[in-house]
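The transmembrane segment annotation in TrEMBL covers 20-42. As annotated by TrEMBL, region 'Disordered' applies to 47-70, 173-194. As annotated by TrEMBL, compositional bias 'Pro residues' applies to 52-70. The domain 'Cytochrome b5 heme-binding' annotation in TrEMBL covers 77-173. Residues or ranges marked as compositional bias 'Basic and acidic residues' by TrEMBL: 175-194.
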Amino acid sequence: MAFYSALAESIDAYTGLSPVAFFTIVALMVGVYFLVSGFFVYPEDEAASKSSPPPPQQQAPPPEPFVPPEPVQVGDITLEELQAYNGSDPKKPLLMAIKGQVYDVSIGRLFYGPGGAYSFFAGRETSRALALMSFDPRDLNSDLEDLNEAELEVLHDWEEKFKEKYVKVGQIVSEKSKDGNEDENSKQIKENLE
C-alpha cells in the first residue's frame, strides 16, 4: 500500500490530477492511438507483410535507346535534295552541309532533329550561318565572300568538329553540274573547299 500512496502523491504532485483521472486519461490516449493507427494499416495486411515476402512487381521493360541507322553515302546531292533530310521523315537520316560537304548528323538527333536546338540547320547548307553563329534564314548558304578572318576561323572550327564527330556522306552540287555542266554555284562551292 505504501507504493500506491507514493504513486498517488507523485501523480498529484506532477499533474494535479487524481490517480483515477490520470489512469483514465492514459487509457483513453492508448485507445485513441490504436483507433487512429487502424485507419492507416489493417491488421491483416500487417500480419501478411510480416509472414510473407512482398509479391514481385511487374515492371515494364526499359525503352530501347534510339540507334541511328548506319550512315548511307548519298554522293552528289543538290541543295533541293538535301532539304528532304531535315528530320521531317524519321526514316531518313539527318544531313547538313558545311562548305559543300554533306555530313550525317543522325546521331545528334536530339540537337538537329525536329524540336532540337539546332533543327534549323538540318537539311541545309550551313557554312555562312555557322561562321556568323547566326540563326537568320538568309545566312543558310555557302557564300563566304564577305566574311572576315575571325568568322572564317569559327567556320573552320565547326568544320573540324564535324569531321571528327560525323560521317561525311556526300557533297553539294548544283542541278547543272549533276548533268555534267558546271555552273556558278558549283564553282563557288569548289572555291570554298580549297
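The backbone N, Cα and C atoms fix where each Cβ goes, and this holds for glycine too.
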Determine how many residues of the domain 'Cytochrome b5 heme-binding' (77-173) DSSP places in helix, in strand and in coil.
43 helix, 16 strand, 38 coil
State the mean pLDDT for the domain 'Cytochrome b5 heme-binding' (77-173).
92
